[in-house]
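What Swiss-Prot records for this protein:
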ACT_SITE  22  active site, proton donor
BINDING   30, 107, 129, 130, 131  substrate binding site
């Protein structure tokens with residue numbers, strides 16, 4: 001057993017977080033994201049919300065300080081975003097330091113980034129546009 005590591009972080013996720021290098025990206029996706037068809041390693045975190053997982057990993061994960069470290073999917077034209085989703089993620093990511101800005105990109109650009117990601121974590125999140133990309137930084 002390891003101490004101070006949240007039980008929400010599976011052994012597989014812990015290994016992936018440790019293997020990632022600076023500049024590598026990981027997606028925490030909602031339950032409807034097409035992770036398996038995009039290519040990178042997929043980790044299942046069924047039943048967990050994205051915000052709970054973000055809260056669990058942020059003490060272990062340094063965000064990139066040289067490039068925008070947080071990216072979310074923009075709403076498709078004619079659709080709307082629930083601002084509470086981003087607010088929950090910001091709150092979770094603010095536990096260790098102020099949350100950096102979150103950049104929004106269109107759905108297909110997000111899918112392209114996901115194809116190049118180190119891994120995709122599929123959660124039980126049901127919020128629309130509930131996907132977020134994190135870019136790993138250099139530890140101080």
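Here the Cβ of each residue, glycine as well, is placed from N, Cα and C on the backbone.
Shown here: features listed in Swiss-Prot, placed on the structure.
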residue	record	Cβ contacts under 8 Å, 6 or more apart
22	active site, proton donor	64, 136, 137, 138
30	substrate binding site	50, 123, 125, 126, 127, 128, 129, 130, 131
107	substrate binding site	73, 74, 76
**Q.** Span of 30, 107, 129, 130, 131 around substrate - largest C-alpha separation, Å
**A.** 14
Q: Across all the protein chains here, work out how many other Cβ atoms are within 10 Å of the Cβ of residue 131 (substrate binding site).
A: 26
Q) Whose Cβ lies within 8 Å of the mean position of the Cβ atoms of 30, 107, 129, 130, 131, the substrate site, other than those residues? A) 29, 32, 33, 72, 73, 110, 127, 128
Q: Among the binding-site residues 129, 130, point out the residue whose Cβ has the most other Cβ atoms within 10 Å, with all shown protein chains included in the count.
A: 130
